[in-house]
Each structure stands twice: as structure tokens, then as C-alpha cells.
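For 16-19, Arg39, 73-76, 97-99, Arg105, 138-141, the entry in TrEMBL reads CoA binding site. Annotation comment: TrEMBL describes Asp170 as active site, nucleophile. What TrEMBL lists as substrate binding site is Gly249, Gly250, Gln251.
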Amino acid sequence: MSNKPLEGIKIIDFTHVQAGPACTQMLAWFGADVIKVERPGSGDVTRNQLRDIPDADALYFTMLNSNKRSLTLDTKKPEGKEVLTKLIKESDVLVENFGPGALDRMGFSWENIKALNPKMIVASVKGFSDGHHYDDLKVYENVAQCAGGAASTTGFWDGPPTISAAALGDSNTGMHLAIGILTAIIGRQQTGKGQKVAVSMQDSVLNLCRVKLRDQQRLDRVGYLEEYPQYPHGTFSDVVPRGGNAGGGGQPGWVLKCKGWETDPNAYIYFTIQGHAWAPICRAIGKEQWIEDPDYNTAEARQSHIFDIFGKIEDWLADKTKFEAVDILRKFDIPCAPVLTMKELANDESLRKSGSIVEVDHKVRGKYLTVGSPIKFSELKPEITSSPLLGEHTEEVLRELGYSTEQVALMQKAGAV
Ligand code: COA
């Protein structure tokens with residue numbers, strides 16, 4: 001068996017920006033032949049967005065499109081439609097994240113694609129699910145974070161709804177879609193038939209905000225949420241509040257200042273007070289007297305003065321860097337981590353060694369850093385390659401479809417590829 005399990009799966013990658021490209025990039029890492037279809041002349045809008053080197057594809061593009069081939073095709077021109085039709089007949093999956101209805105307007109509705117290739121899996125990302133009262137809306141990351149419950153529950157209680165830096169609306173939706181596609185491929189092995197797979201950005205954000213839906217129901221029933229900073233001294237309304245940096249589960253936690261926080265905005269650790277780790281925590285911070293003290297020795301007793309406890313831990317942290325602190329706390333089995341900057345992550349030796357961050361060589365821009373597979377396999381070592389130049393593989397793909405050099409030249413002349 002090939003050590004790339006998706007080898008032999010051909011994917012028409014009709015995606016752009018982030019949500020769709022993140023999905024198809026991952027499938028390409030695992031061996032699929034991903035042919036990115038882009039508009040001649042311009043291509044994916046992210047090729048030009050936030051460029052750091054003039055005339056070189058932006059990192060926004062290169063970091064979401066590695067391991068793919070690029071085919072330029074104007075699918076609104078008859079020649080472009082003909083090529084896409086041929087591709088559909090030969091491919092396994094078509095992935096798209098156009099605005100609502102764009103694929104239908106192009107003449108490639110699900111019904112039409114199914115008629116061309118009944119084994120085809122058509123996978124779509126949209127802002128909202130089909131039939132939703134907002135299903136006509138175009139959506140970007142932050143819009144999805146607001147629509148999916150993340151923004152209203154992120155940030156501090158005395159500040160506005162806040163957007164997470166993590167791409168909960170975009171890349172997260174792409175990951176959901178990848179799971180859907182793989183499921184449909186397995187389904188096809190059983191039935192011989194393809195199917196339509198649809199993931200909405202709102203649903204994907206909501207799926208990650210499930211603990212907040214848990215909290216809404218608890219709040220409805222009992223009127224308070226004991227793990228939130230608002231408890232027991234503050235007040236609750238009838239909606240889940242923003243909880244700052246509180247832990248979302250049964251373990252209280254907070255971001256705590258370490259040595260140098262006055263000048264370094266990231267001199268912090270995340271500290272978790274795991275219930276059964278109370279004695280080790282007390283030993284680690286030199287507060288053995290708290291181990292048996294009834295004001296401290298149960299989670300319930302600690303809750304009313306949890307911020308005083310965090311304050312005492314900060315006193316202990318005052319002469320330790322975030323790295324020194326974690327090195328001590330790890331010996332006591334305390335769940336914690338330094339707050340790492342992107343610079344620290346980019347230079348992290350462990351992440352380089354594991355392949356989670358890799359350096360690749362791009363024909364125009366030279367070396368750049370990108371993410372590697374966060375999923376590790378015993379038998380598959382994804383090799384991350386550079387993103388393609390616009391139309392780099394147009395001729396190659398058209399030749400594979402049976403077009404002659406002359407036919408390709410004619411299509412180029414007509415501006416169709
Ligand atoms: N050849 C010819 N036409 C092409 C083409 C190609 N290769 N690729 C795209 N187009 C056309 C589309 O058919 C569409 O035409 P139409 O609207 O006239 O029918 C047009 O380009 C615009 O596509 P659209 O996807 O609507 O682009 P946009 O820039 O207006 O909107 C988004 C961008 C991201 C807001 C929108 O695509 C969207 O909401 N997508 C779904 C959710 C999503 O994935 N959001 C982004 C997450 S990163």
C-alpha cells in the first residue's frame with residue numbers, strides 16, 4: 001500500500017481565501033491530487049493580499065495552498081466549461097466555497113454534476129447552512145465568529161464581544177469539511193455513489209462553542225455559573241457572559257503574570273488549579289499550610305477567593321520567567337504552559353522537529369515558514385511542498401485531459417485558461 005493513503009483521489013479545488021483552501025491543503029498533504037482552479041490573470045484573491053514581497057505570492061496564499069497544482073480556467077467561457085466538464089468526469093471530489101449560488105449560476109449545480117459523474121463528491125463551505133434565514137449572506141471569518149456564538153462569549157465582561165485570533169470560522173470549517181469528504185469517500189466505497197457534503201461556518205463555530213451552549217442551559221436552570229469570575233460576587237443576566245481567561249471546564253484557571261510582565265506583554269503563563277492537584281500546587285508554591293486548611297482544601301471553599309489565590313501564585317511567579325515557572329510546575333504535574341508568542345513558536349525546535357512548522361522553498365519568494373500536518377501518523381510522513389504559481393500546471397493538466405498543444409494555445413488565446 002502507498003504510504004500516502006489519499007493517493008489516487010483527484011480533487012477539483014475550486015476554493016479561495018481560507019476555509020476551502022485549508023481543507024484541500026490537508027487532503028493534498030495526505031496524498032490527494034489537488035488541482036486548484038483559478039481565474040486566469042488574477043487567481044485566488046489571497047495571492048495579492050498583504051504581500052510582503054512585491055511580485056511574489058503573499059504568505060496568505062502560500063501557507064494555505066501547499067502541495068497543490070494550479071490550473072487557470074475561466075469557467076464562464078465555453079472552453080472553460082468544457083474543461084471543467086471533462087475534469088468532473090475524471091475526478092473524485094469537487095470542493096468549493098463560493099458565495100451562495102455561484103456554482104449553480106456557472107451551470108454546475110449538484111444535479112448537473114451528479115449527472116456527469118454519479119460518483120462525484122461535491123463539498124461546499126457556506127456562511128450559513130442551506131435553508132437558514134441568512135443563507136443568502138456572504139461570510140468571512142469574523143462574521144462567522146459572531147454568528148456562531150464565539151464573539152459573544154469571548155473577551156472580558158466589561159469589554160465588547162471579541163474575535164479570537166484562531167481561525168474558528170475559516171480553517172476550522174475547512175477541517176470539518178475534510179472530515180465530511182473523507183466520510184463521503186468511505187460511503188462511496190460502500191454504495192458506489194457520491195454525495196453532496198455541506199458545512200456552514202456558523203455551524204462549525206457553534207460546534208466548537210458547545211460548552212457555551214451547555215452553560216446557557218445551566219444558566220437557564222440555576223441562574224449562575226460557578227466557574228465564571230462573576231461567581232459568587234458578581235451578577236449574571238440571562239445570557240452566558242464573557243468570562244475573560246477563566247477555564248471553560250471544571251478546572252479554574254487564569255493567565256498569570258511572570259517576571260518581566262511590566263515590559264513584556266507576553267510574560268505570562270496559564271495556570272490551572274486541577275482539583276486533585278491541590279496538594280502539589282501548594283507544595284510547588286511553598287504554601288503547604290493550605291493543603292489541610294478548610295478555607296482552601298476544596299474547590300468550593302476556594303471559589304469565593306480564587307482571585308486572591310491567583311494573586312498569591314503571582315507573588316510566587318514574580319521572580320521567575322514564564323519558562324522557569326513552567327519548568328518548576330511541570331515537576332509537580334500541574335497543567336500549565338507559557339503564553340508563547342508567534343516568534344517563539346516560529347523558532348521552537350520541537351515544532352520544527354515534529355514537522356508542525358516547516359520551511360519550504362518557493363520559486364519566486366525563496367524560503368518561507370508554513371504549517372505542517374498537525375496530525376501525526378506512524379506510516380505517513382507528509383512532505384510539505386511549496387504552493388504553485390498561478391497557472392503553473394495548466395498545460396500539464398490540460399494535456400492529461402487529452403488536449404493537444406495547439407488546442408491549449410487556442411484556449412490561451414481566447415483567455416479561457
Ligand atoms: N472563472 C470564472 N468565474 C469565476 C471563477 C473562475 N475560475 N472563480 C470564481 N468565479 C466567479 C464566481 O462564479 C462568482 O460569479 P457570480 O457571482 O457572478 O456568479 C464570482 O466569481 C464571485 O465569487 P464569490 O465567491 O461570490 O466571491 P466574492 O469575492 O464576492 O465573495 C466570499 C467572497 C468569501 C465572501 C464568498 O465566496 C463566500 O461567502 N463564500 C462562502 C463562505 C466562505 O467560504 N467564506 C470565506 C471563508 S475564508
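Any Cβ shown, glycine's included, is placed from N, Cα and C.
Structural mapping of features recorded in TrEMBL.
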residue: His16; record: CoA binding site; DSSP class: coil
residue: Asp74; record: CoA binding site; DSSP class: coil
residue: Asn97; record: CoA binding site; DSSP class: coil
residue: Arg105; record: CoA binding site; DSSP class: helix
residue: Tyr140; record: CoA binding site; DSSP class: coil
residue: Asp170; record: active site, nucleophile; DSSP class: coil
residue: Gly249; record: substrate binding site; DSSP class: coil
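If you compare Cα positions, Gln251 (substrate binding site) sits closest to Tyr140 out of the binding-site residues His16, Asp74, Asn97, Arg105, Tyr140.
Sequence-distant neighbours of the residue listed as 'active site, nucleophile': residues of the same chain at least 6 apart with a C-beta under 8 Å from its C-beta are Val17, Gln18, Ala19, Ala22, Tyr140, Glu141, Ala144, Met201. Checking the recorded positions Ala19, Asn97, Arg105, Asp170, Gly250, Gln251 against ligand 1, the ones with a C-beta less than 6 Å from an atom of that molecule are Ala19, Asn97, Arg105, Asp170.
Between the CA atoms of His16 (CoA binding site) and Gly249 (substrate binding site) there is a gap of 36 Å, rounded to the nearest whole number. Asn97 (CoA binding site) and Gly249 (substrate binding site) have their C-alpha atoms 34 Å apart, to the nearest angstrom.
Taking the binding-site residues His16, Arg105 in turn, the residue surrounded by the fewest other Cβ atoms inside 10 Å of its Cβ turns out to be Arg105. Within 8 Å of the centroid of the Cβ atoms of Gly249, Gly250, Gln251, where the record puts substrate, the same chain has further Cβ atoms from Glu227, Gly247, Gly248, Pro252, Gln274, Gly275. Counted within 10 Å of its Cβ, the other Cβ atoms near Gly250 (substrate binding site) come to 10, all protein chains included. The Cβ of Asp74 (CoA binding site) lies under 8 Å from the Cβ of Arg39, Pro40, Gly80, Gly415, Ala416, Val417, each of these being in the same chain and 6 or more residues away along the sequence.
The Cβ of Tyr140 (CoA binding site) has 14 neighbouring Cβ atoms from other residues within 10 Å, across all protein chains displayed. Here the C-alpha separation of Gly250 (substrate binding site) and Arg105 (CoA binding site) works out to 50 Å. Its own atom aside, the Cβ of Gly249 (substrate binding site) has 11 Cβ atoms within 10 angstroms in the protein chains shown. For the pair Gly249 (substrate binding site) and Arg105 (CoA binding site), the Cα-Cα distance reads 46 Å. Among the listed binding-site residues, namely Asn97, Gln251, the Cβ with the most fellow Cβ atoms inside 10 Å is that of Asn97.
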